[in-house]
Amino acid sequence: MATTSTTGSTLLQPLSNAVQLPIDQVNFVVCQLFALLAAIWFRTYLHSSKTSSFIRHVVATLLGLYLALFCFGWYALHFLVQSGISYCIMVIIGVENMHKYCFVFALGYLTVCQISRVYIFDYGQYSADFSGPMMIITQKITSLACEIHDGMFRKDEELTPSQRGLAVRRMPSLLEYLSYNCNFMGILAGPLCSYKDYITFIEGRSYHVAQSGENGKEEMQCERAEPSPNMAVIQKLLVCGLSLFFHLTVSRTLPVEYNIDERFQATASWPTKVVYLYVSILAARPKYYFAWTLADAINNAAGFGFRGYDKNGAARWDLISNLRIQQIEMSTSFKMFVDNWNIQTALWLKRVCYERVSLSPTIQTFILSAIWHGVYPGYYLTFFLGVVVTLAARVMRNNFRHHFIKTPQLKLLYDIITWVVTQVAVSYTVLPFVLLSIKPSFMFYSHWYYCLHIASILVLLLLPLKKTQRGKKTHEDVQLSRSKKFDEGEHSLGQNSFSTANNVCSQNQEVASRHSSLKQ
């Protein structure tokens, strides 16, 4: 395994052999650790109070391109080609239709690269590959194109509160565009952030906050001392360490492929099959926890990711966080799981697809998610089943939940039952995502008699549908939106990428005058 070939540098091959991990994975981890140190240096010596935005943009971009070259070799040129052509499209096409052309080109270019990697080079290899960073760049290209379209073409009254807060009112320079797409903090693992949040960080305006009064309305503008991200970074690095340890130890003893082992399926009892399915999928998650939490820590170490203060005055560094582990593991609904997993991608899907299409937005959003993830058949099996499960779960909740909230005891019983059902349903749904191929996926389904497929379809056919008003509560309709409190935060706080952007001080004024608002 340690001798796996790589398109990037082989300088760390001895380390790869020593730890018995693929060289691509070793390059990724070492580059991310280097990025962490670079982020600390960037915040200390290239702070916005000490140097110009131009220098910060240049350094962030050059460091990002170096890391990309180290990890992926000449394949990193795809990042520049995709970004460069998209920028030309924005300039040439104009603000009226740029978002459509950029969307088609960026997603098409990504898909071509994914097809070439999967079917020409290394089918089934799950180590680091150049299409991973391209997925993040595709999100940034399409998001920014939509934000420029909203800010420079559409009227304010046509925009939702979040679109209005994110709208970009001027065309970025080429340097700003490349810095946003290829900066060292997010080139390898993201996460996605809004363009306005990134520019606000580079220009050093992310610590101006607004003080809110008792009624939640803004009362005054204020400026606090710049908060330190050190504690947040340390906490996230501890999570990374635990996740990596779990992945290198426990995860290896619980292979997901054992779920389709003929002997296991023939001899194991149904309770054993259910428990192993859940535990094996649970053990597959720490590698994502590690990668996304480390990426979040890198951005925080550079000073990016501040989302204001909580009600107790404590600084919040979760502006671009990509997951909430506790909520994921304690999810009592399919929606709750999705809302807290890969958060920034869920936001991207909502902003570029769900809010902008009129026909079957949930289905179109799942299709886009599948295409963006890649061309492995397992992805499509997971996301198409996800549509059915999401709709069925919504119908079940609307028909039964109100019967279980009359007493605390019934509510506790409901929570326990829905937790068990959710964890098993999620595990069943995402298994093809991990297996990748059609044959093993259908082998698993057949062993389980397609039980979740049949149950979800029966629920949709037999139970009454209680339609919700999309315009009234978007965040409850969208399976890919976030929780209600973050949707409200997006309307009230204005500077970030999920909910507020530096807040404890002015909300409506920030939304109107500042650069970002968000979440869902």
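Glycine is treated like the rest: Cβ placed from N, Cα and C.
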TODO: Kindly point out the range from 100-123, 412-435 that TrEMBL annotates with transmembrane segment.
DONE: 412-435
TODO: Tally Cβ pairs under 8 Å between the transmembrane segment (26-46) and each listed stretch (58-77, 370-392, 447-465), then give the stretch with the top tally.
DONE: 58-77
Task: Same-chain residue ranges lying at least 6 outside the transmembrane segment (447-465) that approach it to Cβ under 8 Å - done: 260, 265, 273, 385, 388-389, 391-392, 395-396, 399, 425, 428-429
Open item on the list: Under 8 Å between C-beta atoms and at least six residues away from its ends: which parts of the chain pack against the transmembrane segment (58-77)?
Closed with: 6-9, 24, 27-28, 31, 34-35, 38, 42, 46, 128-130, 133, 175, 178-179, 182-188, 202
